[in-house]
Amino acid sequence: MIFSNYSLDKLIQNRKSKRIFIGTDTITLQKVVIKIYDDKNKSKESILRDIHIPSILNHPNIIKIKDYVEDLDSNKMYVIYPYIDNTISLRNLPVDKFDVTDLFKLYYIIDILIQVVDAISYMHDNNIVHRDIKPDNILLNDKVHLIDFDLSDQLDNPKFPVRKGTIGTPNFMAPEIWWKINQVDYKKTDIYSLGITMYYLLNKRKLPYKAKKYSELEYQIANHKPKISNSGYPELDKLIMKIIDKDPQNRPTISEIKQKLNHFKTIVDTRVNFNE
């Protein structure tokens, strides 16, 4: 199938509200990723909201929209992203085989986290929150790529009011979202999701809460203390537990997290060079 200057080559995701294809730019012959939104299953306003934020972001660690095409005849919107070669999501990174004594791998993971923090910091500085930070939405090749802004909000944009409710991926959603309170600081919930992502990476794919049922998971996150992080690096574990503190006001700022990670990266770098 060909529309405009793009062809659809391979379906990689099929959901009610959207389908995602690997495609080709027929002019440059470059691979692209194409999201197809259907107006029948999602309002045009909602689709425009989804593409607004990635279209205005400009950061080396954030995936940016390449193009979009509206097909009035079929009531579909085609959103085109660059295809990133040789990527792996953080979810598929084999951290369960991670040896805590391997300083090179530790340095690599900390460097990944610093790049993620850089992307979040840039977004927050521009009053944008991601709202679905998790290993699946972080891709790696030679650098980090934060993706999937379908749930993101711009905090100061009256055209697209901030969405309320339990939005996100359950295991990575902050307690205050489950509490269903009126006033939520969504920058703080992004920070919490970052903390759970760090916990996952540094605890061999384990998470601080475990439940078989959605309702049980909701209750645990809302009411129970998280299982203590045990990465083998007490300073990192202490930072992770602060980031996933149940009280949003006790969580460090994104700049404080970056400072701590850079400090730890310097220490690891010194040890690596010393051992050489």
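Yeah, the Cβs are placed from backbone N, Cα and C, and that goes for glycine too.
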Query raised in the report: Swiss-Prot has Ile12, Gln13, Asn14, Arg15, Lys16, Ser17, Lys18, Arg19, Ile20 binding ATP. Which one of Lys31, Lys35 is in the same site?
Result: Lys35
Report task. Give the three-state DSSP assignment (helix, strand or coil) for Asp132 (active site, proton acceptor). Result -> coil
Report summary line: Asn14 (ATP binding site) and Asp132 (active site, proton acceptor), compared by Cα position, are separated in whole Å by 19
Query raised in the report: Per DSSP, Lys16 (ATP binding site) is which: helix, strand or coil?
Result: coil
